[in-house]
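Participant: Heads up, here are the entries from TrEMBL:
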type   : residues : note
DOMAIN : 56-256   : domain 'Aminoacyl-tRNA synthetase class Ia'
DOMAIN : 269-462  : domain 'Leucyl-tRNA synthetase editing'
DOMAIN : 476-641  : domain 'Aminoacyl-tRNA synthetase class Ia'
DOMAIN : 681-721  : domain 'Aminoacyl-tRNA synthetase class Ia'
DOMAIN : 780-897  : domain 'Methionyl/Valyl/Leucyl/Isoleucyl-tRNA synthetase anticodon-binding'
Amino acid sequence: MLMLQARHTSAQAARAFRLPSVSILRHHPLVRSATSSRGPSQRRFAVDLVSIDSKWRQVWETNRKNAEEGADTGKKQHKYVLPMFPYPSGTLHLGHLRVYTIADVTARYHSLKGNDVLLPMGWDAFGLPAENAALERGVAPAGWTQSNIVKLKEQLELMNGSWDWKNELSTCDPEFYKHTQKLFLMLYERGLAYQAEAEVNYDPVDKTVLANEQVDANGYSWRSGAKVEKKLLKQWFLKISEFREDLLRELDTLAKDDAWPEHVLVQQRNWLGKSTGAMIKFPIMAHGHDVGSAIEVYTTRPDTLFGVQYIALSASHPAVVKLAETDAELQAFLDTMPGLPPDSKVGYMLPQMRAINPLAFNDKTPDATKASIPVYVAPYVLGDYGEGAVMGVPGHDTRDFAFWKTHQNDEPVRYVIAASEDESTTVLDNEPFVDHGVMTENSGLFKGKTSKEGGEVMVRMLEAAELAKGVEKWRLRDWLISRQRYWGAPIPIIHCDSCGAVPVPESQLPIELPAVDQHWEAGKAGNALESSPDFVNVPCPKCGSPAKRDTDTMDTFVDSSWYYARFTDPKHANELFSSEAAEKLPVDIYIGGVEHAILHLLYARFIYKFLASTHLLPQYTAETAPSAEPFKRLITQGMVHGKTYVDPTNGKFLKPNEVDLSDPSQPKVASSGAPAELRYEKMSKSKHNGVDPTDFISKHGADATRAHMLFQAPVADVLNWDDVKVQGVTRWLQRLHDQVEKLANTEMVASVKEDLVARQTSVASMSKEDADRFNADVLLWRETQRVIEAVTRSYEKIYSLNVVVSDLMTLTNALTGAKAASVSVKRATADALVRLMAPITPAFAEECWALLSPKSASIFQDGSFPVTDDSLSILKPQEQKCMIQINGKVRGGVMIPPAPGGLEGDDLKNWMVEAILATEEGEARFTKGPFDIRQAKRAIPVKGGKLINFVL
Ligand code: ANZ
Ligand code: ZN
């Protein structure tokens, strides 16, 4: 499923949560690149981030086995976290790494919070790539797929994920597709799977039928890129249309609390495409031709009826088919049509007929609307939408306008609606007016009415004369699931001459795919099942006479429409899953690429609603089943882009060995020494910008890779992968490890808060040294509390996991910089910090945890996620006076807390500006005109924050 790359990611999503400003990130003291001149000493750090991975993976594996044997874990709540399962292509790419990191971090977070988390992994293993590879290499798809799964699994293991491998499944395993077939039979029994003759999209390269959704706007296959042909064939459909009202209504539920991203909801809504409009009859005159007495059109804008200037029909409209019998020129035109793009504005005016506007019968109708109008055949009219006929309104529809200009450029366009009653407000500069508005003089008696009201009145009026009917239309078609290919789940139907289509009895499931090695060896195109007589020729289950098995297999979207449910119980033999397992549904958090915004998610929602109406999901009643949704929350992650070097003189993509990076700030074209251009683009072989995640992990360790991955961009945004920056993360981890080592053999106090509260009472009588230590302790503990709060919020939101990393870095800074603080508070901070970061850097956290708590077991067993005490409200930091200079002149002073230790540069400046503006005086005096410190070009903090000079 993840074989597609995301097309686009939404910037709005990024804006929805707090992001550290670019400058904070760049100047974060721990993030400066390794080349920074002020780097720490060259000494080697103690922890080997690469070798700890395998050490801890082994421990986790043992723990997992033990846990599986011992039954009750005593965990609180069940949580089901699921990333979209991968298509087993054999190589892990950075897109995989990103989505699986996000999923694992989320799962580990919920597990540390004491929940019983399910994080399964499996393989979306059917589909064309395996079959095409089989034809190319002469090996069976099963073997090829299996070896890819092994490879991908090995690579996936390297990333320190906490996958529940006991729940592993593969959709090409007969144990799985037996139940896909069973699902089909259940749908069939309910009348929700049916066969129908249909004009289908045929991909001549992949030699298969495609669903409408798999054909792009220009008529090309989503997979092979081939120009799709139209063919009439008998096909299997699933009746998703029966669920359309439920599918539409529940989008509103999914919109609550941002459970699903807005852009996905919009796309789903558009795909369902509910529209209300009217069918309108246009009487026709066609002397001597048997084409009926009227043409019906479907329109969503009956209010534009006065502006109709022509009628356009699709090629398959019955009147066109009839006329083509005797009109050779028309037939010749029709023959050229399949090759035309759907937005083509060509057309053929039917000489035999004219149409009349149904309003012509009303004597108050302006003469222009009473005149008869021409009828065209045009490729932009779809045969399978509405009536296959359009009323052409050049004045108010963009496509109609373009068509009219192409065919009747001399005939003026008639505008019947304006923006307001003052018609001059509508600028009609050679374009249609497509909005609603007020009806103009050209609308006769309706002049001055709003177009909405006018449209309604007109439809009612015409309804009385049986010339119109208000209707509701959906864009959603039933789901065409049959594929004329081998590598999928065979459709469990047998065709008998006397009994018709007979479902295969359940006891005969699974219908396994036959081995057809010769087919692959010969590299034959087409459906291998058709040429397997043993597979095809079977007795009819009903009457026993010779019959034929259906040779179609199911679209792989059928597999992914229910795999998440099977994950709860992948070994169940008789049913899709047991009713105890069903309690783990729905999925709590579903994570995947935005490229699945429409089809996969819509199909999964449909099938889940269906399952909810069966005995399989007992948690739903007849009443609640229609609102059942499979994925409570949906997280869509952005694409990963790679560093791409281009020779600006010829636009050529440069290979790594063609770039001179000796000066990292100015890449050069190696051959000429001229500057090379650096861009970030979608990774592809041709751009030489791919990165192998396993290679990267083996150099930097899985944890640094994970943290780097998250830190680079908010989850929903495009991530520009810059491998050099991982060094900032590595150094952060090393410094923290150093600090933890120093604190390793120290005592924990029972409650830091109680300790500080007790000390707070005697601040006044303390020695200077004790008072300084107390202040440092309060500052550090408050910062710890702030970060616990912020990080928890970000883990819950998921979209802002990047901010978790920067908050953890900030807390590390506060810890290492808190020179005056007591060991016990530092120790408690380190303890919290390690638990806070465990979801992101699990092996590293274990390593630190083992130093801090040598007697306890794995942090994921004995550790818990930190929670805040109420120190932030109880413990007030002592404030100090901060003098504010503007351009060197003192302009005032405010009381603010001393800045947390370790802050410097822009970090310190930003912190201080925030603190200053948080005071009453700061807000009143330094946000205006020449004293607006937010506009400062530069700010120089001095004396540890006792003075700050703003340059404005
Ligand atoms: C006249 C008109 C005037 C229209 C106007 C729109 C704007 P949705 O909303 O997607 O349902 N239409 C109807 N049948 C069609 C077909 N078979 N192929 C192509 N286009 C078709 O779209 C409904 C609108 O699409 C209809 O409303 C019709 O154009 C066009 F100012 O009718 B309208
Ligand atoms: Zn029969």
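Here the Cβ of each residue, glycine as well, is placed from N, Cα and C on the backbone.
Map the listed features onto the structure and describe their local environment.
Facilitator: Mean pLDDT, taken over the domain 'Aminoacyl-tRNA synthetase class Ia' (476-641), works out to 95 on the 0 to 100 scale.
Applying DSSP to the domain 'Aminoacyl-tRNA synthetase class Ia' (681-721) sorts its residues as follows: 21 helix, 5 strand, 15 coil.
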Participant: Using a cut-off of under 8 Å between C-beta atoms, tell me which stretch among 56-256, 269-462, 681-721, 780-897 contacts the domain 'Aminoacyl-tRNA synthetase class Ia' (476-641) the most.
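Facilitator: Against the domain 'Aminoacyl-tRNA synthetase class Ia' (476-641), the leading stretch is 56-256.
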Participant: Between 56-256, 269-462, 780-897, who has the most Cβ pairs under 8 Å to the domain 'Aminoacyl-tRNA synthetase class Ia' (681-721)?
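Facilitator: Selected stretch: 56-256, with the most Cβ pairs under 8 Å.
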Participant: Tally the residues of the domain 'Methionyl/Valyl/Leucyl/Isoleucyl-tRNA synthetase anticodon-binding' (780-897) by DSSP class, grouping H, G and I as helix, E and B as strand, and everything else as coil.
Facilitator: 69 helix, 15 strand, 34 coil
Participant: Taking contact to mean 3 or more CB pairs closer than 8 A (sequence separation of 6 or more), are the domain 'Leucyl-tRNA synthetase editing' (269-462) and the domain 'Aminoacyl-tRNA synthetase class Ia' (56-256) in contact?
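Facilitator: Touching, yes - the domain 'Leucyl-tRNA synthetase editing' (269-462) and the domain 'Aminoacyl-tRNA synthetase class Ia' (56-256) meet the threshold of 3 or more Cβ pairs under 8 Å.
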